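In TrEMBL this protein carries:
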- 16-23, 80-84, 134-137: GTP binding site (BINDING)
- 7-280: domain 'Tr-type G' (DOMAIN)
- 282-302: region 'Disordered' (REGION)
- 661-681: region 'Disordered' (REGION)
Amino acid sequence: MRTNPLATVRNLGILAHVDAGKTTVTERILYATGTTHKRGEVHDGTTVTDFDPQERDRGITIFAAAVSCDWDGHRINLIDTPGHVDFADEVERSLRVLDGAVAVFDAVAGVEPQSESVWRQADRHGVPRIAFVNKMDRAGAELDAAVASIRERLHPAPLVVQLPIGAEDTFTGVVDLLRMRALTWTDGGDAVAEAPLPDDLREEAHRRRRLLEEAVAELHPGALEEFCENGALGAGTLAAALRDLTRSGDGVVVLCGSAYRNRGVEPLLDAVTAYLPSPLDVPSVRGTRDDGTEQQRPADPAAPLTALAFKVNATATGRLTYLRVYSGTIEKGDTVWDATARRTERIGRILRVQADRHAQLDRAVAGDIVAVVGLKSARAGSTLCAPDAPLVLEPPGVAEPVVSVAVEALKGTETGRLASALARLAEEDPSLVVRTDPETGQTVLSGMGELHLEVAVEKIRRDHGMGVNVGRPRVSYRETVGRGVSGFVHRHVKQDGGAGQFAHVVLDVEPLNAGTGFEFRSSVVGGRVPQEYVRAVEAGCRDALEEGPLGGHPVTGVRVTLTDGQTHVKDSSDTAFRTAGRFGLREALRACAMVLLEPVAEVTVTVPEDAVGAVLGDLSARRGRVSGSATRAGATVVTATVPLAELFGYATRLRSRTQGRGTFTARPKGYAPAPVPAPLR
Ligand SMILES: Nc1nc2c(ncn2[C@@H]2O[C@H](COP(=O)(O)OP(=O)(O)OP(=O)(O)O)[C@@H](O)[C@H]2O)c(=O)[nH]1
Ligand SMILES: [Mg+2]
């Protein structure tokens, strides 16, 4: 029997907290697989995946980058993701198209706040993962402590398959607990050296192997059977069980190494191919057909084409659209249907991105991740499919922007150029929103945080050589319904000759328990309002939610029910009902008790013990609510919920209060009621 070639594909993401070493791991993977012939460094600005000038200057990853490489008969399509929380949307879009991931941890810090966030993101997407404890060469690195923090905070069953050889700056390799062999690397040496177990580690290695066998037997019925019969597990059974447990999410294989010192990368690649799923092992993609019904499409090159665009990137070679092909085949020159924009598109060139080279392909098949040149309408989140078999895949969720700045061109004559540059940028990054402030007429750019906006503006300055003035950052407020109204009547009637407009709606408005989102339903009976008009009312309600009655902020956390209405034979239309929905809800909201909401963040501050008092005082002056504090290795970790508006400039303040010894991370934690009137900052 010929095996399906798709079984050898791995669509892999590298995820972690800022600075855990994702880009360095990626770089070493490209080197180990022979894709590149020199090892780049983040601090020299020479890595493959941090190719943007700002990434090189700042030493951080900003944009997710996809590269392909080959290992042991497998094709690995790899996405290196950013760790900074402002770019969490890039991670979200990447997770949508991945089949598996490597979560990278810092062997000194263990699980850090953003590792926890990306872990939960991966949980939501059902992406199986393995853990790589990196930086084993650092002073204070400890595999057991890192594993304990994984067990405590992420997953109850970490399954450690290696034993480190040496520690900190004498960390030279690992014992592979499956094959019971020692794998070591020398400084400057390229390849891994394999040898029998060294005497001084034999006993510990056998003890750890035993622990691994017991843990696996406890989780895996097949392994348990063999364990009970033989009192031990063979390497083959262990490997098969580890693969099952990884794919079901019941266990997490843990490896370790030092990417920077080139240690542990080859076994990581072996684990990726052995344990993580291929496109054939994950559930078939599901989408919605034009008639509203759901359909599944198998990962089969012969099935109708279904592909998701997850990233758009304007480059010197043209506009690159990154696609995950879920089913079917695309060929160069094909005409495909953009089911999201509802127009046909032509596939120009198809590229496999391999570091700085792009290999041209004639076709790409189900399971693959490729870049395509020539698409005009497709954006991140668009579905491309066979013209005769349309299907829409659910686009990746877009987080709501929480911080805004006003921007203007330094030269008045460049206002138009700035507007088109901003529009291009928002097209590439759906978490950026550009709008005009209705009161001041200013152009306002909104995004996920100060850094996100700073990077966006800097990109425009550099790419377009344009001077840009930027206002002070402000948070984005929301409004929600405190107490609803029922039976709110609105009549939209214009019958003064010619084509008239007639729409009559009755609305109930109530708060949603979740506090966010919008739900619309209809309880109209007897067809008093036909279905198409109900949809028009819903669209009108969405229009109304864009500007709430308190201060023109978007409204969230509301359910609207259309309970009744009236139509007119001649004068009713979609437009009339949309208008009625819009003005009806706008007036109804004025009658509701509305609540102003502001974005809040969960802040984790790590400070030396002697600075805790000053930090707590400062947090409370910033309207922060402390939710916990713990001491770890001489430092105190304080967690607090703080309004985002109070966090601007916090990094500088913390540094001065702690003589540079304090660090913090903040991650968005939704919205909370704001003091009224909104604090002006
Ligand atoms: N000592 C040591 N340093 C490492 C190791 N791996 C990476 N680093 C260093 O840690 C820093 C951050 O590494 P990156 O690879 O940029 O980390 P990242 O996870 O990609 O960071 P972001 O993309 O910004 O989230 C760099 O200075 C690396 O040289 C390692 O194994 N040991
Ligand atoms: Mg990086």
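Using the three backbone atoms N, Cα and C, a Cβ is placed for every residue, glycine included.
Feature map: annotations from TrEMBL on the structure.
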residue : record           : DSSP class
ALA16   : GTP binding site : coil
LYS22   : GTP binding site : helix
THR81   : GTP binding site : coil
MET136  : GTP binding site : coil
Looking at the domain 'Tr-type G' (7-280) alone, can you tell me the average pLDDT?
94
Under 6 Å from ligand 2 by C-beta, which of these binding-site residues make it: ASP19, LYS22, THR81, HIS84, MET136? Sequence order, please.
LYS22
Using Cβ atoms only, which residues of the same chain lie under 8 Å from THR81 (GTP binding site) while being at least 6 residues apart in sequence?
GLY13, ILE14, LEU15, LYS22, THR61, ALA64, PHE87, GLU90, VAL91, SER94, VAL118
Take the Cβ of MET136 (GTP binding site) and count every other Cβ within 10 Å, whichever protein chain it belongs to.
29
Tell me which binding-site residues (ALA16, ASP19, THR81, MET136) have a Cβ under 6 A from ligand 1; sequence order is fine.
ALA16, ASP19
For the binding-site residues listed here (LYS22, HIS84), tell me which residue's CB has the most neighbouring CB atoms inside 10 Å.
LYS22
Just how many other Cβ atoms lie inside 10 Å of the Cβ on ASP19 (GTP binding site)?
20
Neighbouring C-beta atoms (10 Å sphere around the C-beta of ALA16 (GTP binding site)):
29
